[in-house]
Amino acid sequence: MSETHFGFEKVDEAEKADKVAGVFHSVASKYDVMNDLMSGGMHRLWKMFTIAQAGVRPGHKVLDIAGGTGDLAKAFAKQAGPTGEVWLTDINESMLRVGRDRLLNKGIVTPVCLCDAERIPFPDNHFDLVTVAFGLRNMTHKDAALAEMRRVVKPGGKVMVLEFSKVWKPLEKAYDVYSFKVLPWLGERVAGDAPSYRYLAESIRMHPDQASLVRLMEHAGLENVEYFNLTAGVVALHVGRKY
């Protein structure tokens with residue numbers, strides 16, 4: 001069986017899927033609180049930028065992959081309106097349940113689907129937009145997932161990847177201290193789970209940098225790929241198009 005990385009640890013591919021699932025089953029109930037604490041609320045601005053770049057209009061069909069607690073799906077559902085179609089999907093049942101309930105509590109009724117991004121259960125050329133926010137780095141076969149995202153996007157549509165990336169070099173040392181000391185400490189104090197947040201830091205370091213992700217998206221068949229560095233490269237938004 002092939003090996004892959006779970007953070008810095010080398011594991012079998014099947015084992016990684018189980019370990020990642022365990023992380024998100026553990027953090028689901030505290031996910032939103034921890035996002036605010038870990039990013040100082042910046043994740044809301046990163047998502048607002050993504051929503052603005054997406055340009056969703058009434059009637060659009062949108063697929064939100066690894067949609068978690070539904071921040072993007074909530075905004076897209078409002079923009080697409082009753083004539084649109086916005087799917088909230090996640091591979092993790094606990095995260096999907098939290099996201100579904102959160103949307104319902106906001107009065108937003110939109111379809112949800114337990115979905116593996118490497119095997120998307122939708123037809124070719126169906127969506128105007130596919131988004132994945134802070135989910136790609138957890139996928140074992142990123143190339144296969146990106147190819148699937150391209151497959152289900154209509155010609156003229158976009159695939160958008162919002163993900164942690166390579167921080168500006170002068171900030172690397174401070175960012176390492178924050179990632180490997182502060183994040184696990186916060187995880188232990190707030191969620192009672194330091195290991196999951198240690199994995200978060202490690203998974204960020206193992207994720208392709210900005211230029212490497214451009215190449216990965218191009219290899220998947222996406223064109224005119226560009227990226228926007230946010231907060232000195234802590235996060236980057238990559239946008240690829242299908243023609």
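Positions of Cβ are set from backbone N, Cα and C atoms, glycine also.
What you are looking at is a predicted structure, and each value in this text was computed from that prediction instead of being measured.
For the S-adenosyl-L-methionine site, Swiss-Prot lists ASP90, ASP116, ALA117; matching the candidates THR50, THR69, THR83 against that entry yields THR69.
A count of other CB atoms within 10 A of each Cβ picks out ASP90 as the most crowded of the binding-site residues ASP90, ASP116. Secondary structure at ASP90 (S-adenosyl-L-methionine binding site), taken from DSSP and collapsed to helix, strand or coil, is strand.
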